[in-house]
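Feature annotations, reproduced from TrEMBL:
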ACT_SITE  A:79  active site, nucleophile
ACT_SITE  A:186  active site
ACT_SITE  A:188  active site
DOMAIN    A:4-198  domain 'Glutamine amidotransferase'
């Protein structure tokens, strides 16, 4: 069973429905006790980094997540949920993240090195390019997935970037280290490729894929 | 880089897809969920559902339709029609839609765009504009109420204002071209696309794959929407995408 962390931000419904289509059991909860009974966690999220961290800290969920990861529980952050895994974000003033992965969250400049402007948010379907093998990407094709975001992760720790997409800059699209994973895109909205990634995560949670 | 999106649009009345969609292989051609899945398999990048129910009951049914579609569909979808308040937006988005589209209500009360964007984020808020060329002003005029009422607003200015207020996307329908199948309004699409910093969806006039190419290349649209040519199988999403890909357009 997967625990979907409900902290009031984001579309929990589509993530949970995607798990239903995979016939995988889940609970949606804000209660650490209830979440603790699950084998793996999903941290969804749409909205601002600052608001999200504020709620996670206030509710004690931030401490719970760090402790659970420390005990070896797999975690998958989606969209904002992935950004929250990193050290800090510059969205609405510098805010500290969960600090599970090294890197910071910065805004797309909206203008290329040659002075051409482009649209922000990065919204729509973009192609994955694999960087490092991972059980999360087993039998996943290097196809298109659906992104909606204005900030992206800038990291020097090259090994955590499992897959990336180009949008002016190289955008970390799938990240992972040990049993902590994140997708910048929405797997639950990324057709069959996204469903395969969620299936792989469920397998990791069940101990069928190595992490 | 990001792909150009092809978006079929489905009109829903009292929970049923109307305008006689002609798919022999479907068990129930009026079922929004079946049609949504069909278009997903065809390679549609997104779907738009337009609720044309006139009654309160019809709108309630739409929330149920959204829940059912969200449970089955693994691509994003937008719901428009009859959304007049933050409360309406909450109902539709919480039922599982990814975006809501505001049209008449946004013109009547532009603050609604701000409220929606503040609450859900700009990525959830699409502003739909019905545009018709008006020689008197030498530009396009904004129409509301499904194109029945002319307003005092000019389209480019309204699009800019909508984006400043927090719209994350503009769904731009040319009333001059709509239903004609002679192609999208390229001049209009290009003007709006160059004026705003958010994606623009061209709508109205699609009759062939060539029209999509023109909307993307000349019109600088980020996405293009069509209804009848897909519903009546004059062409398919698959065929349009194959045509565009051959001509170097970045397509999923």
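Even glycines carry a Cβ here, placed using N, Cα and C.
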For this session: Please work out the number of neighbouring Cβ atoms within 10 Å of the Cβ of residue A:186 (active site), leaving out its own Cβ.
Result: 26
For this session: Please report the number of other Cβ atoms within 10 Å of the Cβ of residue A:188 (active site).
Result: 30
Problem set entry | Integer Å distance between the CA atoms belonging to residue A:79 (active site, nucleophile) and residue A:186 (active site) | 6
For this session: For residue A:79 (active site, nucleophile) and residue A:188 (active site), determine the Cα separation and express it in whole Å.
Result: 11
Exercise. Where does residue A:188 (active site) sit by DSSP, helix, strand or coil?
Worked result: helix
